[in-house]
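As given in Swiss-Prot:
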- 30, 44, 56, 142: substrate binding site (BINDING)
- 66, 71, 103: Mg(2+) 1 binding site (BINDING)
- 71: Mg(2+) 2 binding site (BINDING)
């Protein structure tokens with residue numbers, strides 16, 4: 001896969017592409033796409049016996065404060081193959097902090113052209129509360145057994161905050177490419 005040829009999305013930040021690194025309900029393995037080669041690498045095995053509560057990946061051509069592309073959790077009912085590009089509507093952002101600093105994860109739903117199941121979801125609060133609690137629980141505890149690692153959930157932000165995170169990520173990547 002040549003990530004350089006995959007656009008940010010049809011109408012960013014409201015409609016973005018997400019390259020899936022980890023499918024919904026995946027085994028406890030953290031995968032990451034190498035941005036240069038496009039190859040999928042095993043980043044690490046999670047020490048906790050937990051499964052990902054959503055399809056998980058990143059928006060191409062973005063750069064977040066942690067030096068990686070903007071992370072995205074895509075809720076759904078169907079696991080998506082690793083390396084797939086999924087058209088996504090951002091509906092919120094989960095603010096977190098870990099041993100490396102502040103970390104933001106966009107919450108999205110599949111675009112209605114892919115799957116109309118979430119057409120009524122425009123903001124994170126439109127999802128069932130149990131869905132949000134499952135996501136929070138996973139990210140609050142998935143590093144629990146890893147030496148020196150920790151996570152603190154800071155709270156949720158709305159879709160406009162998610163759009164802002166994506167816009168900042170696009171601008172940061174553009175500035176980084178100029179250097």
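Sequential numbering from 1, following the chain as shown.
Just so it is clear, glycine is given a Cβ too, placed from its N, Cα and C backbone atoms.
Proximity of residue 30 (substrate binding site) to non-local residues of its own chain (separation of 6 or more, Cβ distance below 8 Å) is seen for 22, 42, 43, 44, 45, 46, given in sequence order. Of all the binding-site residues listed here (66, 71, 103), it is 66 whose C-beta has the fewest other C-beta atoms within 10 angstroms.
Listed in chain order, the extra residues whose Cβ falls within 8 Å of the Cβ center of the substrate site residues 30, 44, 56, 142 are 22, 28, 29, 31, 43, 46, 52. For residue 56 (substrate binding site), the nearest neighbour among the binding-site residues 66, 71, 103, judged by Cα separation, is 71.
Taking the Cβ of residue 44 (substrate binding site) as centre and 10 Å as the limit, one finds 13 other Cβ atoms among all the protein chains shown. Geometry remark: residue 66 (Mg(2+) 1 binding site) versus residue 142 (substrate binding site), CA distance 18 Å. Spacing of residue 103 (Mg(2+) 1 binding site) relative to residue 142 (substrate binding site) is 14 Å (Cα to Cα, whole number).
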